[in-house]
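Asks: So Swiss-Prot says this about it:
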BINDING   HIS64, HIS93  heme b binding site
DOMAIN    3-147  domain 'Globin'
MOD_RES   VAL2  N-acetylvaline
MOD_RES   THR13  phosphothreonine
MOD_RES   SER45  phosphoserine
MOD_RES   LYS60  N6-acetyllysine
MOD_RES   LYS83  N6-acetyllysine
MOD_RES   CYS94  S-nitrosocysteine
MOD_RES   LYS145  N6-acetyllysine
Amino acid sequence: MVHLTGEEKAAVTALWGKVNVXEVGGEALGRLLVVYPWTQRFFESFGDLSSPDAVMSNXKVKAHGKKVLGAFSDGLAHLDNLKSTFAQLSELHCDKLHVDPENFRLLGNVLVCVLAHHFGKEFTPQVQAAYQKVVAGVANALAHKYH
């Protein structure tokens, strides 16, 4: 559960309504793979990830980034019940994919950077603070099934 004030929730919702999920999702996942290259091991089937340019232009990275942000959008609609919303994804990433749960926090922080880049002055410190709460809540929900 994420505790947001009414003002924070309104700010998150208003900005998210302007987000191009395909563009921001692809960029966020791409940046995760470039900035934290050890995360690439989970995406070996995506083809060429040999350079930052290759990662950022990889169609499979972009498509999966869009999928990730689609799930994030679902989370925004269920901020009061994130553990339930992400239960299946948590189980998949824990039991089948064996993803280090720290990667969820890293991706959340990269997403905040990408949003700041895309929205500039509109991404005020107050909006950032609200999004930091949201990405932390999502990361915690995704890590819930880990022992």
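Even glycines carry a Cβ here, placed using N, Cα and C.
On this model, are these features tucked inside or out on the surface, and what's nearby?
Replies: DSSP assigns HIS64 (heme b binding site) to a helical segment in the three-state reduction. Every protein chain considered, the tally of other Cβ atoms within 10 Å of the Cβ of HIS64 (heme b binding site) stands at 17.
When pLDDT is averaged over the domain 'Globin' (3-147), the result is 88.
The secondary structure of VAL2 (N-acetylvaline), as reduced to three states from DSSP, is coil rather than helix or strand.
Under the DSSP three-state reduction, THR13 (phosphothreonine) is assigned to helix.
Proximity of SER45 (phosphoserine) to non-local residues of its own chain (separation of 6 or more, Cβ distance below 8 Å) is seen for LYS60, given in sequence order.
The Cβ neighbour count for LYS60 (N6-acetyllysine), using a 10 Å radius and every protein chain shown, is 15.
Of all Cβ atoms in the protein chains displayed, 15 besides its own lie within 10 Å of the Cβ of LYS83 (N6-acetyllysine).
The DSSP secondary structure for CYS94 (S-nitrosocysteine) is helix.
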Asks: Have a look around CYS94 (S-nitrosocysteine) and count the other CB atoms within 10 A of its CB, chains all included.
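Replies: If we count other Cβ atoms within 10 Å of CYS94 (S-nitrosocysteine), we arrive at 17.
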Asks: So among THR13, HIS64, LYS83, CYS94, all listed as recorded positions, which is physically nearest to VAL2 (N-acetylvaline)? Use the C-alpha atoms.
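Replies: Out of the listed candidates, the nearest Cα belongs to LYS83.
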Asks: Taking Cα atoms as reference points, which of the recorded positions THR13, HIS64, CYS94 is nearest to LYS83 (N6-acetyllysine)?
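Replies: Closest recorded candidate to LYS83 (N6-acetyllysine) by Cα: CYS94.
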Asks: How long is the line from the C-alpha of HIS64 (heme b binding site) to the C-alpha of THR13 (phosphothreonine), rounded to the nearest angstrom?
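Replies: If we compare the Cα positions of HIS64 (heme b binding site) and THR13 (phosphothreonine), the gap is 23 Å.
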